[in-house]
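Worksheet for the structure shown next.
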Amino acid sequence: MRMRKPDPRYFKPALYLFVTAAALLLFQQGLSSLGNLWGALGQAAAGLWQGMLPLSCGMILAYILRPLASGLEKGCLRIFPGLEKKARALSLGLLYALIGGALALTAAYALPAVYANLIDAAACLPQDMAGLKAQLGGLLARVPLLSDPALTEGLLRALDEAAAGLTLNLSALAGQVAYHLMNGLGILMNLGLGVVVSFYLLAEREKLAAIAGRLTGLFLSRERQRHLHALVQEVDRAFGQYVTARLVETALLALVLMAGFSLSGLRFGALVGVLVAVLNLIPYIGSLIGGALVALVGLMDGTQVVLGGLCYLLVAQALDNYIILPRLFGNALGLSPALTLIAVLAGGGLFGIPGMILAVPVGAVAQVLVRRALSQRGHGPR
């Protein structure tokens with residue numbers, strides 16, 4: 001039996017139909033495996049981030065420590081003028097030795113004290129707040145203007161809600177601290193590698209800056225390079241040096257307050273000292289909140305403890321405002337008090353306490369950018 005030859009008229013449509021069906025099948029398979037694809041991409045990104053984490057830590061550490069390293073290097077050159085070639089290595093070695101000693105003391109003494117206070121505060125807070133409620137109720141009953149039953153009930157209910165929320169947050173924070181302490185090997189490894197990276201970045205900072213300048217020269221003209229360099233320097237003065245100074249100030253103030261509050265008999269002295277030092281980062285408002293916190297904690301043990309804690313806090317803040325801060329950076333930001341307060345309120349409204357802390361340096365950077373923009377348009381001082 002003779003086989004019929006295929007009709008060439010149907011060959012091309014059949015081929016098109018086959019290719020279309022194959023494409024649709026592949027598309028359907030791709031859609032079904034899209035979730036796996038995104039999962040694989042997510043895992044790859046997470047692995048890349050884990051690999052880049054020590055480098056990121058090193059870059060952040062180098063940026064924060066650069067003003068301190070430069071200051072120590074200048075000091076070494078003044079004291080030892082004949083060691084120009086070794087001044088940088090000497091200053092970096094001294095800086096990292098000081099940081100290592102501070103971290104060792106923190107891990108040995110400060111962290112255990114703060115963690116113990118945190119556990120005690122979470123356990124004792126319900127009982128202490130009950131006593132505080134009784135004192136507040138008696139105080140409201142003795143003041144004629146505040147003796148309204150509805151007002152008293154509302155204040156006591158608000159105090160109950162605040163106590164419940166604070167107890168829950170303290171317990172959760174204690175659990176998180178314990179978890180990170182138990183699983184801190186990876187964090188320590190990343191930080192250790194970050195310290196090594198930051199050391200080399202600080203040691204070779206001029207060479208790295210020159211490489212960055214050559215790279216920007218590939219895309220920008222000399223005039224634009226000059227403007228960019230000036231802008232980066234201004235932003236660095238407004239943000240980087242401020243952040244470094246405030247971190248050093250907070251560490252010193254926390255040390256002073258922890259020791260003073262613990263010796264003065266204030267309950268949870270180490271924990272309160274750290275919280276007040278962190279709150280002090282918020283201009284104007286932070287010191288008031290810190291004073292209220294000291295008064296509230298001291299009130300649980302009597303008026304004498306409150307007065308002692310507040311007096312010590314005033315002395316520590318005077319030491320901070322008139323000795324520590326001027327020596328660290330003076331009035332480097334140039335923000336007026338009104339602009340500072342506006343920035344703090346706006347940052348707090350948008351991002352809470354972290355926004356209030358970062359509002360001042362971010363506001364200073366915004367001021368630099370606006371001033372540069374007006375200067376280039378001819379509407380402001382150059």
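Each Cβ is built from the backbone N, Cα and C atoms, and glycine gets one as well.
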Stated TrEMBL location of transmembrane segment, expressed as one of 7-26, 247-266: 247-266
Positions whose Cβ lies under 8 angstroms from the transmembrane segment (272-298), at least six residues beyond its ends: 114, 117, 132, 246, 250-251, 253-254, 256-262, 266, 305-310, 313, 317, 320, 337, 340-341, 344, 348, 353, 356-357, 360
Cβ contacts under 8 Å made by the transmembrane segment (247-266) with residues that lie 6+ beyond its boundaries: 64, 68, 102, 110, 113-114, 272-274, 276-278, 280-281, 294, 297-298, 301, 305, 308-309, 312-313, 316, 319-320, 324-325, 328
